[in-house]
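Listed in Swiss-Prot for this protein:
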- 15, 18, 34, 37: Zn(2+) binding site (BINDING)
- 11-280: domain 'CoA carboxyltransferase N-terminal' (DOMAIN)
- 282-534: domain 'CoA carboxyltransferase C-terminal' (DOMAIN)
- 1-243: region 'Acetyl-coenzyme A carboxylase carboxyl transferase subunit beta' (REGION)
- 11-534: region 'Carboxyltransferase' (REGION)
- 244-557: region 'Acetyl-coenzyme A carboxylase carboxyl transferase subunit alpha' (REGION)
- 268-295: region 'Disordered' (REGION)
């Protein structure tokens, strides 16, 4: 149970998490987070604004919500009397405060709910105020930030309170349609109609540490099911494990996290190509192809591509990119560990990166399912690609997988459909896409992240319709014939450059990437920049048309023309 911020005049407060007696000034200095157990006290709207926005930047929006008592509700008190008491007790007109502000210099419209006001319940006035905030964000083309704290719909307004879920959601939909970013911050508690609408249908969902969120509250669930609930049920950490939120952030880091997201959303950094020419060397297709055409045996290349010392996607994100904020979850119940992705910065430009994650040790590999994505992993990648399209961010994918997860569970959850939807979406994504095969490119699991404007490949990576072992077992049939199958499959970077599947080969430090990971990661950084920069200048319609034409040439007619040209 989360503790409540102490009332004015109290010198001491008892933590609701660990029962420690805390000096109030010390608690305030620690942002109302218990220094003993880390429990986060609830904050009122003014305190939350003071924590999140730049000092002096907040300007309240005009309160144009009319006084409403739509159904003349009376319980032990008439509804208007409850409103009067809530206003007197909080000093607020309603359960939400809306205005314009900046966060680390990035402009936004922000709406902060206050649980003290009738449990932060969603009624007609609250719905109207948040809708007006979204409309202001749309008019100004600045991100909308919503900080939620609510028990759900306001019962005293009957079914009209239910309608606010749709009213605010369609305002969020208008932001999506126009490419205006939206971010929600879930604080404790967020339930019912708020959880099932604007708290979770924004572009990015952040949960403050320990915050609880759900459609039905725990008491209702216990009553209906007659079962005890697991420890940590509906907490932020539970939601993260189950793919419902992008991030769980402690209060002291919340402002910085929000600032990073808003900067990426607004693209408020120096564009690549202006002041970064030294990191964008021209690409000589013939020389890169020639470099990839080494004499190493195909089977030896397969073994190098699988070496556990090769840089992983998280290694690249730490070294080849300037910053990275990981975004989690497919929003449908899972967060696949074999796929990682999020917002990164590359030479001053916000980009979205998504890739397969393996690991360097047996434990890492097992925890990441050896880089074999489940349907949840593919759907996470799909969600992030669509986010990039809405925010106008280029996409970089890093491919290193033996293939998609072939398990029974994956088939039950729609593996084929998940891969198919990724391929379909990437063919028409209205933003530049650069794919890099960094290790293994295994079958449809690889292609699900490799439908791109430019496909690059590390010198000792492989890309194939099937593993050599699988091919040998089916066609020879003898798994020991895997080396022969590797040669026959034409899966090396040199082979794929000649076939036109790969646009350029990224040289590896001798003898291979795992001998000098920093050099390999720097080479990938330079190659991605070299291929991404020209794409940023291509109009969207032309970009998509060229991407489709690129893959159309792999039809029989296109391959026949290539053979004739040779």
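Just so you know, glycine gets a Cβ as well, placed from its N, Cα and C.
Source: prediction; values computed, not measured.
Where Swiss-Prot records a feature, it is marked here on the structure.
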residue	record	Cβ neighbours (10 Å)
15	Zn(2+) binding site	20
18	Zn(2+) binding site	13
34	Zn(2+) binding site	23
37	Zn(2+) binding site	14
Across the region 'Acetyl-coenzyme A carboxylase carboxyl transferase subunit alpha' (244-557) the predicted model averages a pLDDT of 91
